[in-house]
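**Student:** So TrEMBL has the following annotated:
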DOMAIN    3-337  domain 'RecF/RecN/SMC N-terminal'
BINDING   30, 31, 32, 33, 34, 35, 36, 37  ATP binding site
Ligand SMILES: Nc1ncnc2c1ncn2[C@@H]1O[C@H](COP(=O)(O)OP(=O)(O)O)[C@@H](O)[C@H]1O
Ligand SMILES: [Mg+2]
């Protein structure tokens with residue numbers, strides 16, 4: 001659901017801002033340090049319950065303030081739908097959906113799916129497998145309602161097994177009794193991930209092709225244990241090693257999404273610019289899957305002109321536009337994002353100055 005209105009208070013240099021974004025494209029322009037990324041950070045916070053800049057909530061709460069607040073009205077087909085989040089300096093988090101307190105941030109993520117394309121997004125290729133698992137899991141979560149409960153319980157079962165292993169003095173027989181649940185839940189997690197990646201691949205190919213016709217990149221999901229074995233077999237054959245290591249070696253916790261070209265790993269064979277296109281294609285493909293499920297999402301694009309040349313910038317913007325998603329895009333200069341949108345699109349321009357946001361003319365399409 002798109003944001004029809006957004007209120008941000010006491011987050012970084014945004015003391016209090018309030019605005020009504022376009023359901024389509026929102027361009028935020030301002031000097032370095034004016035607060036552009038903080039607006040995207042606030043929207044991200046409302047979907048994920050955390051920032052993309054720091055895991056420490058104290059860093060984004062405004063200095064000398066006890067809490068920060070982000071509130072939005074989402075536009076449903078015939079009504080508006082308020083959601084809000086308050087984060088206190090002591091760590092307490094208060095999440096509201098239609099005025100009612102809810103206990104899980106998942107309630108927000110379901111209603112406000114958000115994808116981020118920013119300079120850090122390139123960690124998706126160069127970072128640890130955990131980042132790629134998170135990418136797959138975000139998609140799997142929206143793809144199949146079975147995923148989240150299975151994932152959560154599987155995590156618990158895995159932690160329990162690992163703590164038994166860590167304490168030692170555990171026999172393979174006793175461990176096998178614990179493994180029943182882990183195998184069942186881990187099996188579901190893996191099945192949904194596999195199904196999701198299979199579904200994602202053709203989308204990714206199409207999007208990447210639209211961005212660049214010279215790139216031939218494949219996605220390869222590895223489940224985290226020997227593909228010839230069931231999870232039960234992998235746990236059974238690894239039990240002595242697990243006891244020795246003090247943790248569970250094989251399983252969905254070691255899954256990865258490998259991104260490859262014919263010549264090898266994408267990270268080693270593609271230029272920096274090409275890697276950016278691949279990562280953008282992955283994110284847009286994920287958005288396209290959701291859109292086709294009837295669940296359009298919000299795209300946050302930070303500092304795009306700094307990331308891509310004019311030609312690819314235009315292609316990327318056109319793709320995002322075609323998704324029918326709501327877009328928030330930031331830029332230091334105002335001219336680099338002109339002429340990339342089609343005439344029919346509602347593009348709103350905002351100027352950010354010292355934490356103050358103002359809608360400005362320059363809406364070329366109005
Ligand atoms: N906790 C905080 N409290 C108040 N101001 C902050 C806090 N953290 C960062 N800032 C300031 O807020 C601004 C944030 O800018 P940012 O959103 O990164 O700007 P831009 O993306 O436009 O470059 C910076 O000027 C920074 O100094
Ligand atoms: Mg910024």
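Note that Cβ sites are derived from N, Cα and C of the backbone, with glycine treated the same way.
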**Student:** Write out, in the order they occur in the sequence, the residues of the chain not among 30, 31, 32, 33, 34, 35, 36, 37 that have a C-beta within 8 Å of the mean position of the C-beta atoms of the recorded ATP site.
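**Tutor:** Near the ATP site, the remaining chain residues are 38, 330, 332, 352.
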**Student:** With every protein chain in view, how many other Cβ atoms are within 10 Å of the Cβ of residue 35 (ATP binding site)?
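**Tutor:** Taking all protein chains shown, residue 35 (ATP binding site) has 25 Cβ neighbours within 10 Å.
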**Student:** Would you mind sorting out which binding-site residues among 31, 35, 36, 37 put a C-beta under 6 angstroms from ligand 2?
**Tutor:** 36, 37
**Student:** My understanding is the cutoff is Cβ-Cβ under 8 Å with a sequence separation of 6 or more in the same chain; which residues meet that for residue 30 (ATP binding site)?
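**Tutor:** Result: 36, 330, 332, 351, 352, 353.
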**Student:** For residue 33 (ATP binding site), which DSSP three-state class applies?
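**Tutor:** Note: residue 33 (ATP binding site) is coil by DSSP, not helix or strand.
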**Student:** Rank the binding-site residues 32, 34, 37 by the number of other Cβ atoms within 10 Å of each Cβ, and give the residue at the low end.
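**Tutor:** The binding-site residues 32, 34, 37 were compared, and 32 has the fewest Cβ atoms within 10 Å.
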**Student:** In this structure, which of the binding-site residues 33, 36 has the fewest other Cβ atoms within 10 Å of its Cβ?
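**Tutor:** Each of the binding-site residues 33, 36 was scored; lowest Cβ tally within 10 Å is 33.
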